[in-house]
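In what follows, a single structure is set out as structure tokens and then discussed.
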Amino acid sequence: MDAVEPGGRGWASMLACRLWKAISRALFAEFLATGLYVFFGVGSVMRWPTALPSVLQIAITFNLVTAMAVQVTWKASGAHANPAVTLAFLVGSHISLPRAVAYVAAQLVGATVGAALLYGVMPGDIRETLGINVVRNSVSTGQAVAVELLLTLQLVLCVFASTDSRQTSGSPATMIGISVALGHLIGIHFTGCSMNPARSFGPAIIIGKFTVHWVFWVGPLMGALLASLIYNFVLFPDTKTLAQRLAILTGTVEVGTGAGAGAEPLKKESQPGSGAVEMESV
């Protein structure tokens, strides 16, 4: 890349162009994965008068759509499709802050589009609540937050374990799908099982109902944060220095060599045994 005068407009333009080139494909992948997840997953929750959905049916559907979304978008973006997962990768120094912000934006837009499409194809008497997450009357908001925290904790731990570059066997799509199904089998009676703020956000914004919506952000994000700390600093601590973590945070270093988004790194750090997930930073 040609040199650009530091401090000038050219420098800012170069950074903006470089950032967009690095993540545009990944942003579409996150948009697509989250949209599909919401359309098919939330679609399984719709209460048809002649065939009410069972918990098992809902869990299996979320399992299958998760596995599909991960398989389809894995090589393009790392298949987060979940702001909580993106936060966990950010905290674990597997992804830069600019990429994380862009991912979350793409996920929320994808979830909204997926929910809008579902709303559009559903009959009027079926789509009234559009499968929004709600806290059961007998469950307090504190209990709901705790449940969402624990459900997301196990999901994010599974995501890290499944995508760790040191893993030589197993299918991330299969294992992450199973983890999502597990969460639904337990959590659906408490909160409808979110584990994913985007999943809750899309339907809520389409029908305009945000009752205790904060629960479905606070619980999953806290669970993701805790899972990232446990996996990256307790179970499998890596050797990254503070300087390396700051470089990753700001997007000046590439992490991993596998399922990235096609970034051309300013600098590539090799860290054998660091446990870096196969994910590129901007």
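Each position is counted from 1, following the chain as shown.
Cβ from N, Cα, C; glycine included.
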Shared topological domain relative to the membrane, Glu128 and Thr252, Swiss-Prot: no
Intramembrane segment range according to Swiss-Prot, out of 9-18, 79-88: 79-88
Leading stretch by Cβ pairs under 8 Å, where the reference is the transmembrane segment (214-234) and the options are 26-46, 55-73, 142-162, 169-188: 142-162
Per Cβ pairs under 8 Å, the stretch of 26-46, 55-73, 100-121, 169-188 packing most closely against the transmembrane segment (142-162): 169-188
Within-chain partners of the transmembrane segment (100-121) [C-beta distance under 8 Å, separation at least 6 from its ends]: 23, 26-28, 30-39, 42-43, 77, 80-83, 86-87, 89-90, 127, 130-131, 198-199, 201-203, 205-207
